[in-house]
């Protein structure tokens, strides 16, 4: 397989190198912004699970650099948090820490001089196993960990954008997020492959219950309560469907989310709008594009990993040779 193979198979990978993005995921946030206008009025932004830094680059180019060019003496403040080190980005304050830690939340607020954030984004994901149910569960737990710091740093009315894996129990995640955000949308950018189960939740108008502040027992109890209600409703719905089937009924009311499903149906049928983001006439993440040999020049990635997990393994392998 030649070195240009990935450039042919992935137009966004090629464009990212040409336009100076550290990863193709930058286009996902840009396309989400096209649909939801998430950057307007943002003065304080947080990027969770930031490495290698493509979303932090987007925040810098959309918020910090335009303000700098306009001569704004107080440009927007951007804080990036990750367990892994990350190469510097202009206008981005980097914190190496755990997003579930209360100390990390306090550090973020300190860089905002005591002010809360207007926008929190999170493109973090675990190493996938290929077992969709397991991957969905682990990703949901990572997102709920991000929600812990969101409750500590996001202002009322603020916006939260995060990656999710869509699976059979994703409705539970929507129910938990709707306890904190009146508006929850699911976005699928054009730069995200159709074959991928990933999507992004865009949560707006942050409105936490009274007394809920910072990572702690109150938030965990709230989310655990939603989970208990969800699985209780699921069990009731399953029992009702089985009873209807045994009685010769079609059971279509419950499946369609209509009335008559008892207390279970409203929770299970909670609708979340789904939007496709990005220019339909633009690049297709699932298509292979021919390269013009007269003009094509293969480029190296903008920023190689600073401390990859495989670095030690490579060093040991070379030492063994």
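Going from the start of the chain as shown, residues are counted 1 onward.
Cβ coordinates are placed from backbone N, Cα and C, and glycine is handled just like the others.
Nobody curates TrEMBL annotations by hand; they come from automatic prediction.
According to TrEMBL, the features are:
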ACT_SITE  163  active site, proton acceptor
BINDING   53, 55, 82, 98, 123  S-adenosyl-L-methionine binding site
DOMAIN    21-206  domain 'Ribosomal RNA methyltransferase FtsJ'
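This view paints the features noted in TrEMBL onto the structure.
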residue: 53; record: S-adenosyl-L-methionine binding site; Cβ contacts under 8 Å, 6 or more apart: 22, 23, 80, 86, 87, 89, 92, 303
residue: 55; record: S-adenosyl-L-methionine binding site; Cβ contacts under 8 Å, 6 or more apart: 25, 26, 29, 47, 121, 123
residue: 82; record: S-adenosyl-L-methionine binding site; Cβ contacts under 8 Å, 6 or more apart: 48, 49, 50, 51, 94, 95, 96
residue: 98; record: S-adenosyl-L-methionine binding site; Cβ contacts under 8 Å, 6 or more apart: 83, 104
residue: 163; record: active site, proton acceptor; Cβ contacts under 8 Å, 6 or more apart: 122, 123, 124, 125, 139, 143, 198, 199, 200
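Spanning the listed S-adenosyl-L-methionine site, residues 53, 55, 82, 98, 123 have a farthest Cα to Cα distance of 18 Å.
Under the three-state DSSP scheme, residue 55 (S-adenosyl-L-methionine binding site) falls in the helix class.
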